[in-house]
Structure formats: C-alpha cells, structure tokens
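J.: According to TrEMBL, the domain 'YjeF C-terminal' annotation covers 4-287. Positions annotated as (6S)-NADPHX binding site by TrEMBL: Gly110, His162, Asp228. Sequence annotations record features per position, and here TrEMBL assigns AMP binding site to Lys199, Gly200, Ala201, Asn202, Thr203, Gly227.
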Amino acid sequence: MSTKIQIDDLEFANRPVDGHKGTFGKVAVIGGSLGMSGSITLSATAALRGGAGLVTAAVPQSIQAIVAGYEPSYMTVALPTDVHGQLAAVDADIVTELLDGKSAVAIGPGLGQTKLAADLVLAVLKQADCPVVLDADALNLAAEFELLHGIPRRSRWVITPHPGEFARLTGESISHVSANRESLAERFAAEHELTVVLKGANTVVTDGSRTYVNQTGNSGMATGGSGDILTGLTAAVLGQHADALEGAILAVYVHGIAGDLAAEALSQRGMIASDLLRFLSAAWRNLSHEPSD
Ligand SMILES: NC(=O)C1=CN([C@@H]2O[C@H](COP(=O)(O)OP(=O)(O)OC[C@H]3O[C@@H](n4cnc5c(N)ncnc54)[C@H](O)[C@@H]3O)[C@@H](O)[C@H]2O)[C@@H](O)CC1
Ligand SMILES: Nc1ncnc2c1ncn2[C@@H]1O[C@H](COP(=O)(O)OP(=O)(O)O)[C@@H](O)[C@H]1O
Ligand SMILES: [Mg+2]
C-alpha cells in the first residue's frame, strides 16, 4: 500500500546565498537527432531554467551547431555520427568524460531508436553515479532491449513516460494504462527500483511506496516538446535535491504551474512548448519559499 503525498508535505531548501555554479549542479542532457534537434534544446534550456549551475547538451555532431545556436547559456558536446549524420558508436571514454562531475543526467528526447542509441543508454545507466532521468526514446529502447533489467543501481533513476511509452514498457495497452495509472506506476516503480513519472493530465509520481498525483497543468501542454522540457527540468531539480521522488514531484508541479501561467497569458490553444520555458521563471516565483528577487 502506497502513502499519498501532497505538495505541502514536502520541504524544499532555499538556494544558499553564497551558492555558486558548483552548488547548483552540473547537468548533462543527451539526445537529439537530425529533424529532432528541438527536443534536446528544450530539455537543455529547461535544465537551465530549473536552476542548474551548468548544463551541457550532448548531441550528434550533425546537429551540434543548430543546438548550440539556439541558446548561448548551455554548452554542447558532439557525439560521433556516421556519413548520414546519424548517431554512431559512442566510445566508453566519451561517456566517462561526459558524466564526469555531473550532478544529474537526462537521456532520451529525440535520441532515435537505433541499436547504437540503445548502447549509449546502457552505457550511461551502467556508468552514471548521479541521478539519471530516462525519457522518450531512452524508454522506447529500454522496452525493446530490456535495458531496465539486471543493471546494478549505482544511482537513482527517474523515468518520465507518457502513457504511450509506459504501454511499451509494460506491454499493456494504452487504454489499460490510462484506466490504471496509479496502480501500474506503483507496481513498475517497486519492481524496477526507480521513480516513475507517468505523465498526462494528473501526472502520477511514485517510487512504489509513496505516490503523488499532480493537480497543476492543463491540456494546452498537449503540444510537442512539453515533455522534453519536463525531462531537463527534472534533471536540474534532481541535481539540487537529495530525494528522487521529492525532486520529481517538484519538477512536475512547477512544470504544470508554468503551463497554467502560459495558458492564462496565451490561451491553451495558442501556447507552445517553448512558451513554458519563459513561464518557468514566474512558476518558481509562485512557490512560497522562492525569494522574489
Ligand atoms: N521538437 C522536437 O524535436 C520534438 C521531438 N520529439 C521526439 O519525438 C520522438 C517521438 O515521441 P512522441 O512522444 O511524439 O511519439 P510516441 O509515438 O512515443 O507517442 C505518441 C503517442 O503516445 C500516446 N500518448 C501520448 N500521451 C498520451 C496520453 N496522455 N494519453 C494517452 N495516450 C498518450 C498517443 O497514442 C500518441 O499518439 C521522441 O524522440 C521525442 O523525444 C517530441 O518530444 C516532440 C518534440
Ligand atoms: N491534459 C493535460 N493536462 C495536464 N498536463 C498535460 C496534459 N497533456 C499533456 N500534459 C503534459 O505535457 C507533457 C507532455 O509530454 P510528452 O507527451 O512527453 O510530450 P513531448 O514528447 O511532445 O515533449 C507532460 O508533462 C504531460 O503531463
Ligand atoms: Mg515526450
């Protein structure tokens, strides 16, 4: 039986006044591909808007210039590509260097679903000793290649599937997932020793023993890229908070507030994912503990 958590049950520390870039976490986001450079730029920018001290986007070399050109505040690292610009084999030492000193890593948005991408996800899961957020294609690959089985946990893992991705992971239909969100998420989290963020209206966040059902957000967020933003935001928050469940809850809650503020200003129909990035700042202000200047 899982304990129900409310947002008011959680305490989130203020940012220390003498904090520096190192205090607030170094985050890596890994993903993107030709045609899906936007996904990872949204994740990387969201990690910055989540308060991370330093953010690095690791992307196929073929899109590095596009990703770097989108936002000057994060760094980029090129992953090797083949002659077609698709992700090639990534050596272990590239992964080691990428993960070195990181407080959290996110992988998956726009990554693609090749065997070489699966190898990269596996290498990250095996090597990371910081929290790992798995989203989108990392989850599709986890389903196809059973990547969540048999890897000793060196760190905390948070998965952020939408119901379609969760259906692939569990082998259930989307309608079954939609009808049994809490119980399926709780069971999967307990079985796989990780935190599940099952997205959609009333996102469920659970580690199997504690469960939170989110009330923020709206269907204006059902627009391409909204989830990519949650991925980077979650990694940023996990890099600053010790508890995976509580960090994931905070990210989901604030992401939803940004969505509500965006809808209020722009309308549910008119808002797009990148608007959420701009409303994240105001969303943080809405939290009572966040100083207003
Ligand atoms: N700008 C970009 O480059 C973007 C790239 N993206 C990438 O595109 C790839 C494919 O991801 P998608 O998620 O679009 O495609 P998927 O095929 O994984 O999922 C879409 C399907 O999942 C189901 N689904 C999703 N949310 C649901 C809900 N709340 N209730 C019931 N069913 C639901 C629906 O059947 C929907 O058609 C990923 O790599 C992703 O990261 C997307 O993130 C969109 C933006
Ligand atoms: N009706 C809704 N109410 C609240 N939040 C929603 C709604 N529809 C979508 N969202 C949120 O928007 C995000 C969509 O994520 P996802 O499906 O992964 O999008 P993408 O892959 O295009 O970025 C999730 O955080 C989800 O909870
Ligand atoms: Mg997604």
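Any Cβ shown, glycine's included, is placed from N, Cα and C.
Walk me through the surroundings of each of these features.
T.: Its Cβ placed at the centre, Asp228 ((6S)-NADPHX binding site) has 31 other Cβ atoms within 10 Å. DSSP assigns Asp228 ((6S)-NADPHX binding site) to a helix.
Within the same chain, the residues at least 6 positions away from Asn202 (AMP binding site) whose Cβ sits under 8 Å from its Cβ are Arg181, Val213, Asn214, Gln215, listed in sequence order. Annotation note: Asn202 (AMP binding site) sits in a coil segment as assigned by DSSP.
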J.: Within 10 Å of the Cβ of Gly110 ((6S)-NADPHX binding site), how many other Cβ atoms are there?
T.: 25
J.: Expressed to the nearest Å, what is the distance separating Gly110 ((6S)-NADPHX binding site) and Gly200 (AMP binding site) at their Cα atoms?
T.: 19
J.: Within its own chain, what residues at least 6 apart in sequence put their Cβ under 8 Å from the Cβ of Lys199 (AMP binding site), listed in sequence order?
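T.: Same-chain residues close to Lys199 (AMP binding site) (Cβ under 8 Å, separated by 6 or more) are Thr160, Pro161, His162, Pro163, Gly227, Leu230.
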J.: Through the lens of DSSP with three states only, how would you label Gly110 ((6S)-NADPHX binding site)?
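T.: In three-state terms, Gly110 ((6S)-NADPHX binding site) counts as coil.
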